[in-house]
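Shown next, in structure tokens, is the structure this report addresses.
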């Protein structure tokens, strides 16, 4: 009796075309993947630099496992801390040009832990309406008052600050640097200016910018020359860096505070030796091989040019989204593309307000693969 509501809820999800299920990939990650014995060109991956299947990352992960075992065996404050963790945190801080960094077991946990640690019931959070789920849920869990401002609209944010800021002890402005389901960038410089004017903290999630944007690949903060500004950077090791885990980068005082107050860091097992070592190797490769990032952007610009007549969203990243009128049409197009050997996800409500096909471009895509996508889209649309 107590669980019968689940059947009705699932039926509603099916009727709305919101039902989701997993697809098993049976090959190494890369620009091509295998599913059910068939090969597909992969436009569904966040592996922007093509490092997740790189032999050097695999070697680093295997060697770390052989030396330190498969798990960290405890929280970082008890038995779970390894020198590898410190090496990775030092590398991240160096990349981000911050005093220190702290590694979490995922980017989601990094956001939840940081937000809930630095604000509470007497505080205000102002977040972009299109922020990632981890930022939104972290905001809810913090017990702070949460208001959303219109997407990338600094004028709306300013109005809300003028109206509400004075009522609260602390205020935290939260934004993605690159928005994962649209591909566009936040107005970072305007946000920094407003944070200074209204005595606010600013948290920027660089998940889809790290390794991709900026002169050294450090992210959007580097791109705008704001690395020396007082802000909090979070991100993931699971996208361009091809591993797993998340991080927070900022002042020494902030990181010291989080070690003592971030629940998702204190009360969970440390990142595995394999993931830690692979991420560390990825940062080295990213810094030593800038041609990977150049090839990625060559591919992005090629695809943008070829798809200029399509209904593409404005994008500042390797995430290119094609707006589709209905959920049903988005699902049909994704299925038709798959029949043609191209794996592209249909993104639909409630994840996003409107349906779309989301193409993730990789440095390892060949021009022939990009052209095959263009040709197929021209045939189908």
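The backbone N, Cα and C atoms fix where each Cβ goes, and this holds for glycine too.
The annotation substrate binding site is assigned in Swiss-Prot to 20, 132, 351. Around the Cβ of residue 132 (substrate binding site), the same chain contributes 111, 176, 180, 205, 207, each under 8 angstroms and 6 or more positions distant in sequence. Secondary structure at residue 132 (substrate binding site), as computed by DSSP, is coil.
Residue density at residue 206 (pyridoxal 5'-phosphate binding site): 27 other Cβ atoms are found within 10 A of its Cβ, drawing on all protein chains shown. The feature pyridoxal 5'-phosphate binding site is assigned by Swiss-Prot to 107, 108, 180, 205, 206, 207, 208, 236, 237, 238, 239, with similarity to another entry given as support.
In the three-state DSSP reading, residue 239 (pyridoxal 5'-phosphate binding site) counts as coil. The N6-(pyridoxal phosphate)lysine annotation in Swiss-Prot covers 239.
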For residue 107 (pyridoxal 5'-phosphate binding site), the number of other Cβ atoms found within 10 Å of its own Cβ: 25
Structural state of residue 180 (pyridoxal 5'-phosphate binding site), classified by DSSP into three states: coil
Which of 180, 351, the listed binding-site residues, has fewest other Cβ atoms within 10 Å: 351
Listed binding-site residues (20, 239), ranked by Cβ neighbours within 10 Å, top entry: 239
Cβ-centroid neighbours of pyridoxal 5'-phosphate site 107, 108, 180, 205, 206, 207, 208, 236, 237, 238, 239, 8 Å, sequence order: 46, 132, 210, 234, 235, 246
Inter-residue Cα distance where the pair is residue 351 (substrate binding site) and residue 237 (pyridoxal 5'-phosphate binding site), in Å: 22
Assigned element (helix, strand, coil) containing residue 208 (pyridoxal 5'-phosphate binding site), judged by DSSP: coil
